[in-house]
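To keep things clear, I will list the structure first and then write my remarks on it.
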């Protein structure tokens, strides 16, 4: 019997492939699975690509920072997993050159450093730099260029660190992993790791920072993560580029959120496309189900036959869709590599995750299970004669149950893909907003269109009359059309608006140099130095280093759980003061202080993400230790900070006067064109103690991330456009039988082809225009929620979209509908009516 069921199912499937419904179902499944697979694969690849290409800024894929040496077994384990390793040791020491001495940040490096990125050195200070993969040979030292003028030394001279003499060999122009700690503030002196013991500087109790570098495949690094993390103590820091570079981390987080948004919209639209076409196909099997039951098959056998058909269609369409998705992925990867040749990530096909491909299959399976099979199962319970007589079966509790199951399946898919309940909530809220708007649209249709239609021309009168006659079907069409248009509008608006905001935070003249360690006496001269050359600084901010020790009189180590592993608690923070709110800061909670209010003197403003991590709220008491002096302040405000703006930003800002008793240095940032670099050389010669950090590469990386994400989102937008057109075709096809009958009747009554097709165009154009209007309202709501909740940016209404989306959607759906129903006038009315009666 099972063989007979398979035979019947295969034969019916071959016959039905000539029908429009099955073709649309197959095409919808192919495009949906291909789209979801492609977006998932490209999104996963782009995230890896950004992380790998950004890892040059920490000289590795992962860093392990520790105040002491780690067990040798940890490095041996990494070697066994084919992970490359190197390590550095940083400490402060005095550099001696004859009678001259200077505090420097010594950095001892091992063979293999850096694992990612490169060093740039030169033979003379401020001369042309060259890229090198070498490190200082034992007995030599590489020095920061400002040490040469500061200590009156030349290349080839002898200097000493502790008990060890070194030959000055090269000038360090750029390090891949330079930071803002003591090693960055003090001029750099780089030596070979083999020379550390000979210096005699490293003693028990010395303040050291060991940095272990790791580079390898994603699989090996993930395994290393899992193996190493349980062995780490609170003094260890295991971090990647996200943790090590806040500016790049912010850009990567935005990129990931953006890709999740695009992918989630694709999943949702795929659900709509497959759900509609599969349900339409299943409903078309009503007569076939009834006929098979009259021939003696029981309900279970009939369901098995059609379930097998749906499974066969799904498997074949899934294979084709996956193949197209993987092919598109290959083309996308090639395009990204040609557009961004500087990217260092090597693409390996064998690293494709099966779980990424399964997202598309799971989307199709869940939607077909909840939309295609239930109508067949329902028909199993209905007597065949009732079906053949086309008697209404009415809705039932079964329909509501299946509808709820379908919604639950879609919600589960969205969360499975995005892993973000907030994003899922925004999309569901948008659907509820759409539903509410559609009630208003339905009321509008019932009350006004019939009145407007009475005075309209023949085309308009017939078209509007058709809308009124099928008003609840029209409301359903508007709901589906507007959902597809909403998803398309959201992806477009986020690309233009959010990427525009993102790029605005990093304009062409974004500061590309930081100047730190400026003394109070040098502030006026530094400002004058740049003013004379018409170079604008981002403002000079005072900076004092202090450690957060207590929250509400509770030691921070007790107030904050160990699981949170807050890096800000393991080091000194840069503290500043200002009566003006910095340009890149926005008060989220509380209020900014007033200059004249002395009661606000012992206050502080804390950065929002740190406040959330520490569970600090406005009104809490924080205690800092600066040097050996404690200072207690109250949290007056919580600020959001644009860390990727390339301007000085701080976790903690105090009012003026609170930190006056402490010695401070100043920090600023400036934008310089390549031809203005000499300004830095002259400044460094005049003030050798000022540290200059070049951020050009970092800025270029952030801009590269923006461009890469924009390119992929543009591709996603085109894919969603294709899926939206498919939804339109599937929905129009639902009413095609009724339109054939109406067209045949009108032509029988004397209407010409122009009148019939013209009225159909008017109907579809009206529905498309109303759908566009509803979609604009819903899209603005979604973009507002996304900007506020996900991207933490201000919302700006997109007034132009209110005009062109309803207009373009009206014309597009009108012409698509016109094209699909044109055959109404190409068939004989008598043949159509006979077919319907039979």
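Keep in mind that glycine also has a Cβ here, set from the backbone N, Cα and C atoms.
Going by TrEMBL, these are the annotated features:
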TRANSMEM  21-43  transmembrane segment
TRANSMEM  258-276  transmembrane segment
TRANSMEM  302-332  transmembrane segment
TRANSMEM  352-377  transmembrane segment
TRANSMEM  398-417  transmembrane segment
TRANSMEM  423-446  transmembrane segment
TRANSMEM  474-493  transmembrane segment
TRANSMEM  715-734  transmembrane segment
DOMAIN    715-828  domain 'ABC3 transporter permease C-terminal'
TRANSMEM  755-786  transmembrane segment
TRANSMEM  801-821  transmembrane segment
In contact by Cβ distance (the transmembrane segment (755-786), the transmembrane segment (21-43); 3 or more pairs under 8 Å): no
Cβ-Cβ under 8 Å with the transmembrane segment (352-377): same-chain residues at least 6 beyond its ends: 25, 29, 32-37, 40-41, 44, 267, 270-271, 274-276, 278-279, 281-283, 285, 289, 302-303, 306-307, 310, 314, 317-318, 321-322, 325-326, 398-399, 402, 405-406, 409-410, 412-413, 416-417
Non-local residues, at least 6 beyond the ends, that sit with Cβ under 8 Å of the transmembrane segment (715-734): 20-21, 24, 27-28, 31-32, 35, 38-39, 42, 262-263, 265-266, 269-270, 272-273, 276-277, 280, 332, 477, 480-481, 484-485, 487-488, 491-492, 495, 764, 812-813, 816-817, 820-821
DSSP helix/strand/coil residue counts for the domain 'ABC3 transporter permease C-terminal' (715-828): 98 helix, 0 strand, 16 coil
